[in-house]
Amino acid sequence: MGEPRRFSVHLALGGGKVADVFLWKKWHRSVVLLVSSTFLWFLFQRAGYNLLSFISNGLFLLVVILFFWAKSALLLNRPPPPVPNLELSEEIALKAADDMRVLVNNALSIAHGIAIGGNLRLASVLLCLSLPILYDKYQNLIDDKLNAAYKIARIQYCIIDEKLLSKIPLPPNMEKKIQ
């Protein structure tokens with residue numbers, strides 16, 4: 001029948017520069033990727049840093065560098081740093097407000113659909129995404145309430161078992177398992 005066709009890993013990774021980096025064909029780029037990803041992992045996981053504070057500190061550092069560059073350019077008679085004109089036109093602001101209005105209306109429409117009960121699938125997805133966060137935040141309180149509910153359910157089951165289920169005759173070969 002013949003040999004099975006082999007699939008190239010290089011082609012599976014896209015066959016370009018990304019595949020070269022992941023397969024260590026461009027080893028210097030691969031080392032830079034490994035070191036930078038390890039640094040970011042350490043920064044975010046081990047040091048407790050988050051992405052928002054990282055971005056804001058990076059932007060703050062950029063502003064400080066531009067400030068010192070501009071001040072030193074004045075003192076040394078050099079050209080100032082190339083900073084674009086930071087001006088927001090009225091039509092850009094109106095377009096952003098219009099786009100935001102559409103997004104808010106869509107979110108309100110989805111919330112209305114959930115509240116009315118027409119979209120149970122989306123409500124279940126939202127619950128699946130929000131319940132773990134709520135459980136993590138209020139774990140002790142929820143565990144106490146669930147433990148109390150379990151005890152009540154166990155007492156009720158014992159009462160039902162004693163009054164109703166124990167009176168049902170079982171076939172001779174199927175004995176009730178007692179733990």
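Every residue gets a Cβ built from N, Cα and C, even glycine.
Positions annotated as domain 'Reticulon' by TrEMBL: 18-179.
The feature transmembrane segment is assigned by TrEMBL to 27-44 (among others). Sequence-distant contacts of the transmembrane segment (27-44) (same chain, at least 6 residues past either end, Cβ-Cβ under 8 Å): 17, 20-21, 50-51, 54.
Residues 43-44, 80-81, 83 of the same chain lie 6+ residues outside the transmembrane segment (51-70) yet bring a C-beta within less than 8 angstroms of a C-beta in it. The transmembrane segment annotation in TrEMBL covers 51-70 (among others).
If you look up TrEMBL, you'll see 110-135 (among others) marked as transmembrane segment.
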